Amino acid sequence: DDWLALKPQEPSPSQCCGSGCKPCIYDVYEKELAQWERAKAKQDKSLLMEKKEQSNNSELNPDTFTAFSISSVEQLTEDTYQYRFELPGNSSLQLGLGQHIVLRGVVNGLEVQRAYTPISPGHAEGYFEVLVKHGELLMLASGTGLTPMLPILQSITDDEEDETFVTLVGCFPTFDKIYLKPFLQDLARYWNVRIFYVLSQETSLEKLPWSYQENTYTGRLNEDLMKTIINSCRRKPFVLICGSSAFNEDMSKYLKAAGIEESSCFVF
């Protein structure tokens, strides 16, 4: 069990930035897996701590990830931020023209990996900077109101450069009435997509598959639940609404109570 806990976890397709990195996250995984297998065969956990040699006096290692501290975050526009990372002493990244780095972190409990080209000079000493754009969409759909949301969602997940966070709330009578379950589950595997279900005619979650229980609510999408969802967003989202006339009116009322202005909503 101890060795299994130390085994490297295979990356998911959504973790690959798709930029042709050398090495790719899958190359790093294969190397870490081989190192783990050697250590396990010799029953020597110290072999997992082997440090790779760094070259060209750079603080980066192409074979593994290196931890750096964030020294400052500056908001440049409503959804764009400039992050400055500290480098030890007067060291620098030593990147060539057009080269990029891959940043890795945890978002929503999922490990996320994205490629960025630093905006700081390649010879900058003691720091490097990147621009990160954070947008946020909240989609509220009832029944077939899910339809216009899907092309928007898919256009975001298909674009490797799009870092918009999306929360989709689908309202249905029962679990059996949820449309396109496999497709929605595939979308929910992306690092920047969350999907919640609100089932008005279900009274218990016990009979639902375990993979749905954590992100499903029974009853109706009311003002309190709306506030809970809004508060779980990273920033005030732009909201898309699609359903019956009564649903749209209720959602607009609940959003207003949660502090979302009418100018930040669009009703299909």
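Cβ from N, Cα, C; glycine included.
Feature annotations, courtesy of TrEMBL:
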type	residues	note
BINDING	R114, Y116, L131, K133, T147	FAD binding site
DOMAIN	63-178	domain 'FAD-binding FR-type'
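For T147 (FAD binding site), applying a Cβ distance below 8 Å and a minimum sequence separation of six or more within one chain yields C242. By a simple count of nearby Cβ atoms, those within 10 Å, the most crowded of the binding-site residues R114, K133 is R114. Annotation for Y116 (FAD binding site): same-chain Cβ neighbours under 8 Å, separated by at least 6 residues, are H100, I101, V102, L103, V130, L131, V132. When the record's FAD-binding residues R114, Y116, L131, K133, T147 are compared pairwise by CA position, the greatest distance found is 33 Å. Per-residue confidence over the domain 'FAD-binding FR-type' (63-178) averages out at a pLDDT of 83. Cβ neighbour count for L131 (FAD binding site): 15 (other Cβ atoms within 10 Å of its Cβ, all protein chains included).
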